[in-house]
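Chemist: Let me begin by handing over the structure; questions about it come next.
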Amino acid sequence: DAGSSVEEMEFNWDEYLEDTGATAAPHGSFKHVDTSLQNGFAPGMKLEVAVKSDQNTYWVATIITTCGQLLLLRYDGYGEDRKADFWCDILTADLHPIGWCQQNKKILKVPEGIKDKIPDQEEFLQRVLKGACSAPANLLEGLHRGKNPLDLIAPGSRLELQNSRDSLEAWIVTVVENVGGRLKLRYEGLEDLDKFDQWLFYLDPFLHQVGWAAQHGYSLQPPSAIRSLRSEADWQEILKKVKEEEEESSVPTDLFKDKPVIGVHSFSEGMKLEAVDPMAPFVISPATVLKVYNDKYFLIEIDDLRAERASSQRYVCHLNSAGIFPVQWSLKNGLHLSPPPRYVCYPGQDFDWADYLKQCGAEAAPQSCFPLLSSDHGFKENMKLEAVNPVDPEEVCIATVTKLKDSYLWLQLEGSKKPVPECIVSVESMNIFPVGWCETNGYQLRPPRKAIVNKQKKIAVVQPEKQILSSRTVHDGLKNQELNSSDSVVINGKYCCPKIYFNHRCFSGPYLNKGRIAELPQSVGPGNCVLVLKEVLTLLINAAYKPSRVLRELQLDEEAAWHGHGETLKAKYKGKSYRATVEVVRTADRVADFCRKTCIKLECCPNLFGPQMVLDKCSENCSVLTKTKYTHYYGKRKNKRIGRPPGGHSNLEVAMKKPNKRRKRRKHFFVHKKKRSSTSVDNTPAGSPQGSGAEEEDDQDESELSHSLAQDRDKRKRKLRTFSFSDDENKPPSPKDIKMEVAEKLQLDSNPLEWSVADVVRFLKSTDCAPLARIFLDQEIDGQALLLLTLPTVQECMDLKLGPAIKLCHHIERVKLAFYQQFAN
């Protein structure tokens, strides 16, 4: 068509997965990402916390779960009582390691809520603190307090990088950029020359803190590729300068404590094996152990029989290096082995290892030299993920799993600037990431190209109507915008969901298949709340006896108060496809309550899934309850009826398969998403038989549900709830005393209600959101309009990605907080 073009559109993972019918690879399969989200605190650690009802006294609390810089705590003495749990921010809460009160002559006093349970305070403390693990003091005090370990690797930090191509020498690298732990590194001494830049994840085995080479007996020498760019004297001067500035630019040693440990290998020089070149991981080739450096490192070269070859493909390996296999591994797995250049095969024959070893006079590396490969990783064919383009490491592309063999994936990349063959990567590769990783970390994902017609750009006006708003009007507007948990997470910069565990031993209830539940991964997440919870609910739906029924139980009740985020989930049953809008929460503080309520809704144990792992015994004692008793305690206790759930109509849609030709009559049902209807049409044929069994009841439910109308999603927006507090000492303050805790408190010289557009622009230019100041200038956003901005408004109306929008809202919330504290009264 005229006006058609191929253009990169704004990419949305949810829409893409729905369009392609694919599923996302589970978050738990990316161990390096999981490790990068840990903050140094772990469930079970104890600390001393100020009691909210009396700020001069403290009590011992246990960490239940962590999420970024947020900790879910429970005062010791509450036992398994979850109502006492409360969230706090490491940066702002009064938290200390065990023993701090004694050292600083502070009072440890039992909170009022559990005073009756602890008659002897001293005896109780001796008992609970015996053998307890205290939260690390350096994470609660000093410069590192509340910081994610990744934040300590800032641009300008220095590390040591081993030469992985032809030697074990190391050289200093400077961090140019840190994207969620994926570091862009530049060799020290190259200044603005980016030709030799490398991208590595911070847990890469070849990356170390400054001083590692000297400690382990390796020399510091620039790689051969850059050595000729400067004189030897220049390199020595650079090294001297680095050592002088070591304290200023070094990274804490603790940051590398989770790096994979390199084991002892048993390879010998001359051994043959099969290998994938990490710089071009597209084929499996014969290779040779060219050199053994020590008991940890050896050099591999991809075989090439050409006498006139200009260069060789060689790289340093260790015991756990990806892409090395024993001889015949390809043949046993039905894979093609690419013969060396100039290797001559007999007519009609493929590469033959026995013949090749005889020609070379070499021996094959024994099976014992290679670690065992596991297929227990959670990846499946056609799953989607995000992966680094090995040809251009700047690019992170959409990837599809096309094939699996043991612990290796074959990935097809989409959207790369230049076509790339299928890549062979290990499931433990640090160059693959879960769906949504780029968006979470503010990095550009290469989207697939689509043909579009006459795409028009929306122009949004953020500024309120051109009328003068009184200070009272704006103040009331702000007062009505609840300073809730969502705002707090915006300030912290993350919608981070803790890890969600599937506790397979707990009672699965009448809807979920116990066998399928047992096959689910042990956990999902951590990550974006909406994405993690959507994945959890999808797994539960697929583990049901009748997925359509579970989807119906989970669907949003139109009469219920709207507290979260609407997500469309799908289910398939008996050849029919169903979809419904399901409510999920968006903030970490509400995840535990959401999981518990969802479990109760499905009439299973409230601990079946959630942020707390059940180890030996479930706190609900669900194993001793019969199904009847369990349903009595946790079931809905409502009369079963055929038809729609409460609310007048359902938002569950069903897509019917095409009937066969023998069918005489067919009815078409259309779902109008833009209209809201208070009535629904009953299309059940007159005289239809009414089944009495559960199977018939469910089929009839599905028949009726297929005729119901969907709701306009735009009308489902509601305000989120505030933080929930468990007991008297944790009650929220009154609206007049609302205080939001942030990392940096802002002190304003003037009332933001009186700011002009120029004042707003001036403020933004003083922050790390300076590039966005032009938008505010163009839209003529003054102080009054600024105070009314929220995250959804910023995303939808300013056409910003989630990462930049959250960063901008962080500064807007600082202004709001300062407004409340300095001018609201």
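Backbone N, Cα and C atoms are what each Cβ position is placed from, and that goes for glycine too.
Relevant sequence annotations retrieved from TrEMBL are reproduced here:
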{"type": "COMPBIAS", "residues": "658-677", "note": "compositional bias 'Basic residues'"}
{"type": "COMPBIAS", "residues": "678-691", "note": "compositional bias 'Polar residues'"}
{"type": "COMPBIAS", "residues": "694-703", "note": "compositional bias 'Acidic residues'"}
{"type": "DOMAIN", "residues": "752-818", "note": "domain 'SAM'"}
{"type": "REGION", "residues": "636-736", "note": "region 'Disordered'"}
{"type": "REPEAT", "residues": "11-111", "note": "repeat 'MBT'"}
{"type": "REPEAT", "residues": "119-223", "note": "repeat 'MBT'"}
{"type": "REPEAT", "residues": "233-340", "note": "repeat 'MBT'"}
{"type": "REPEAT", "residues": "351-448", "note": "repeat 'MBT'"}
Chemist: On average, what pLDDT score does this prediction assign to the repeat 'MBT' (11-111)?
Modeler: 87
Chemist: For the repeat 'MBT' (11-111), how many residues does DSSP put in helix, in strand and in coil?
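Modeler: With helix first, then strand, then coil, the repeat 'MBT' (11-111) has 24 helix, 35 strand, 42 coil.
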Chemist: Using DSSP, how many residues of the repeat 'MBT' (351-448) fall into helix, strand and coil, respectively?
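Modeler: Split by secondary structure, the repeat 'MBT' (351-448) comes out as 15 helix, 31 strand, 52 coil.
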Chemist: Quick one: DSSP breakdown of the repeat 'MBT' (233-340) into helix, strand and coil?
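Modeler: Grouping H, G, I as helix and E, B as strand yields 24 helix, 25 strand, 59 coil.
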Chemist: For a three-state summary based on DSSP, what are the helix, strand and coil counts in the domain 'SAM' (752-818)?
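Modeler: Reading the DSSP string over the domain 'SAM' (752-818) gives 52 helix, 0 strand, 15 coil.
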